[in-house]
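**Student:** Quick one: structure below, then a few questions.
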């Protein structure tokens, strides 16, 4: 089975909202399905509420049979206890519903694909088999117009591939054997030429299968922080069990009694049901925000780690700089005019389709009026760039023009020491300014240097300053020489840089940072990045990268944009801030309810408590009923905040803590007082208590 999703469908998937009826209806039904104790027991707080709701229901049925009075009050308590459980389930179901809606869209787009299986790489005849019958290691031929039947690596050929099924971007990409562009994904389509692919995934475990499972939450497991918080909430629940259990003794001492129904209702209003109800929804929503940002997190642990990152390793090209170096000036040696250098530079770049090559042609035209020439009549021979020689050029009209790395060109033309020193001095000046020098020679004579400048992205310095205020250290990773790297690092405002980086030095840097107790995030796309991606706490693999890189990382960026690493960290921090804010609100909420309700409950036994009854609740029954109604409704009221997340503010840990204590701590104290009082007035006015 393969999947093809047009870009417009992916956009609809991304904007699915909580108020979509397609989500709310199934979520309401799922809220009832989740009442299964085997499901509820995963949430200790809400499982406790379900147990006591079941107990009060049994007592209510008994009272009906026996004919006891006060059934109206008991019925209301029962209804609101079950509403509390259902609202918690509904919050989780809505969070899951957005992912399920996306997964349903993917499933509806499934089509049966027939694969052309080959006996081996050298075979020319194929056998048509259904894609689900393919196994890891099989070789398939994919021709123009064919859908790639499963995940794999290109072992022969080169082709243009439309990856809209994955990225939503219809612009084709090149996939070829060897290098970092060999990985292909099932469901994408070859639009020109052909490739032979070795299948790397068994049926049901392809990238798109994992994508469906991830977006619908099927593989979600509790993160360490969630487990720790659940233990805290369970501990608080036990404390309130003992607190409520001690209340009847005070009533008995005063010569009164307090019924089980009242104690159960009081217990439910005091335990941390708010955060207990929303905790799972917060985690699911965090992963959902990444999905809508076209990033797949392989686990909730990865999202949490992103929020706790201490060190960001950022590739220079495409993240800090625009990625396309531009020619800015021609710097000739003594005895050579700028125009002669520009003319030779342009000739050597006419067949260079790189952004750098095109910028040289444009600069020569704009600055000196030298226009591009038709090369066919000149019988020119182009010398393509090679990573081995680090030189490119042209042979035309009996002249040999070469351009490339300074040391490579000097060695190629066997320049005299004095000429070499002059070129090297110009190159060093360019490097110190943060540029990249390209030497140019004609017929064995050095003409000068082209200054290629990396353009630092606008606003990136401010973003790094923001990260610094948050306590995050930024490190630029580049293959440039130390002088160039230092200049760009200073211009961009990063905290440190790693020049002439290799896979080994990147891996060592990550391990050194982790040895100091820091969490590290990085991105990569090549097979040589796989060890570092696997070692990093947050490893973001580019979707255009190799299969090894995608399997090593714990996140995959479908847009293959390394600059997203900063946004991923911000989403992780938003998740942690949301959880912290709502936990603060919930605990403050419980403390406030305790001091609001207890005085009203004991007024009949201890009239002296009137001084503490600041809310002036009418009766103990109205106090209990108002509190339990408020307790249920506040869960519904906070679902949008849990799913959307609190507003992200780039502040340090201490500033975030103070803000949460003020906004959500103080708010958690004030809101119950106001809410319970208003509900008390309402239920008293209409005679419910």
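Glycine residues also receive a Cβ, built from the backbone N, Cα and C atoms like all the rest.
Nobody curates TrEMBL annotations by hand; they come from automatic prediction.
Straight out of TrEMBL:
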- 315: active site, 4-aspartylphosphate intermediate (ACT_SITE)
- 352, 356, 385, 386, 387, 388, 389, 390, 391, 392, 403: ATP binding site (BINDING)
- 525, 529: Mg(2+) binding site (BINDING)
- 122-216: domain 'P-type ATPase A' (DOMAIN)
- 43-61: transmembrane segment (TRANSMEM)
- 73-91: transmembrane segment (TRANSMEM)
- 227-247: transmembrane segment (TRANSMEM)
- 259-284: transmembrane segment (TRANSMEM)
- 591-609: transmembrane segment (TRANSMEM)
- 621-641: transmembrane segment (TRANSMEM)
- 661-688: transmembrane segment (TRANSMEM)
**Student:** Rounded to the nearest angstrom, how far is the Cα of residue 315 (active site, 4-aspartylphosphate intermediate) from the Cα of residue 403 (ATP binding site)?
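**Tutor:** Rounded to a whole number, the Cα-Cα distance is 26 Å.
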**Student:** Could you count the residues of the domain 'P-type ATPase A' (122-216) that DSSP puts in helix, in strand and in coil?
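**Tutor:** Split into helix, strand and coil, the domain 'P-type ATPase A' (122-216) gives 16 helix, 38 strand, 41 coil.
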**Student:** Report, as numbers and ranges, which residues of the same chain sit near the transmembrane segment (73-91): CB under 8 Å and 6 or more residues beyond its ends.
**Tutor:** 27-28, 30-32, 34-35, 40, 43, 46, 49-50, 52-53, 56-57, 59-60, 63, 261, 264-265, 268, 273, 276-278, 280-281, 621, 624-625, 628-629, 631-632, 635-636, 639, 642, 688-689
**Student:** Go through 227-247, 259-284, 591-609, 621-641, 661-688 and flag the stretch with the largest number of C-beta pairs under 8 Å relative to the transmembrane segment (43-61).
**Tutor:** 259-284
**Student:** Please report the Cα separation of residue 391 (ATP binding site) and residue 525 (Mg(2+) binding site) in Å, rounded to an integer.
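**Tutor:** About 25 Å separates the two Cα atoms.
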**Student:** If one measures from the C-alpha of residue 385 (ATP binding site) to the C-alpha of residue 529 (Mg(2+) binding site), what distance in angstrom results, rounded to a whole number?
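**Tutor:** Residue 529 (Mg(2+) binding site) has its Cα 24 Å from the Cα of residue 385 (ATP binding site).
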**Student:** Using the structure shown, find which entry in 315, 352, 525, 529 (the recorded positions) has the sparsest Cβ neighbourhood within 10 Å.
**Tutor:** 352
**Student:** Please report the Cα separation of residue 529 (Mg(2+) binding site) and the residue listed as 'active site, 4-aspartylphosphate intermediate' in Å, rounded to an integer.
**Tutor:** 12
**Student:** Under a three-state reading of DSSP, tell me whether residue 529 (Mg(2+) binding site) is helix, strand or coil.
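**Tutor:** It is helical.
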**Student:** Measure the Cβ-based neighbour count of residue 385 (ATP binding site), defined as the other Cβ atoms within 10 Å of its Cβ.
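**Tutor:** Within a 10 Å radius of the Cβ of residue 385 (ATP binding site) lie 16 other Cβ atoms.
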**Student:** Given the model, what does the mean pLDDT over the domain 'P-type ATPase A' (122-216) come out as?
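**Tutor:** Looking only at the domain 'P-type ATPase A' (122-216), pLDDT averages out to 82.
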**Student:** To see if you understand the setup: which same-chain residues, six or more apart in sequence, place their Cβ under 8 Å from that of residue 389 (ATP binding site)?
**Tutor:** 404, 408, 412
**Student:** For the transmembrane segment (621-641), give me same-chain residues lying six or more residues beyond its boundaries with a C-beta closer than 8 angstroms to one of its C-beta atoms, as numbers and ranges.
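**Tutor:** For the transmembrane segment (621-641), the sequence-distant neighbours (Cβ-Cβ under 8 Å, at least 6 residues beyond its ends) are 18, 73, 76-77, 80-81, 83-84, 87-88, 90-91, 94, 262, 265-266, 268-269, 273-274, 277-278, 281, 578, 582, 585, 589, 593, 596-597, 600-601, 671-672, 675-677, 679-680, 683-684, 688-689.
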**Student:** For the binding-site residues 391, 403, which Cβ has the most other Cβ atoms within 10 Å, all shown protein chains included?
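**Tutor:** Max Cβ neighbours within 10 Å, all protein chains included: 403.
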**Student:** In whole Å, note down how far the CA of residue 315 (active site, 4-aspartylphosphate intermediate) lies from the CA of residue 352 (ATP binding site).
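**Tutor:** For residue 352 (ATP binding site) versus residue 315 (active site, 4-aspartylphosphate intermediate), the Cα atoms are 25 Å apart.
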**Student:** Return only the integer: C-alpha distance in Å from the residue listed as 'active site, 4-aspartylphosphate intermediate' to residue 525 (Mg(2+) binding site).
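**Tutor:** Between the alpha carbons of the residue listed as 'active site, 4-aspartylphosphate intermediate' and residue 525 (Mg(2+) binding site) there are 11 Å.
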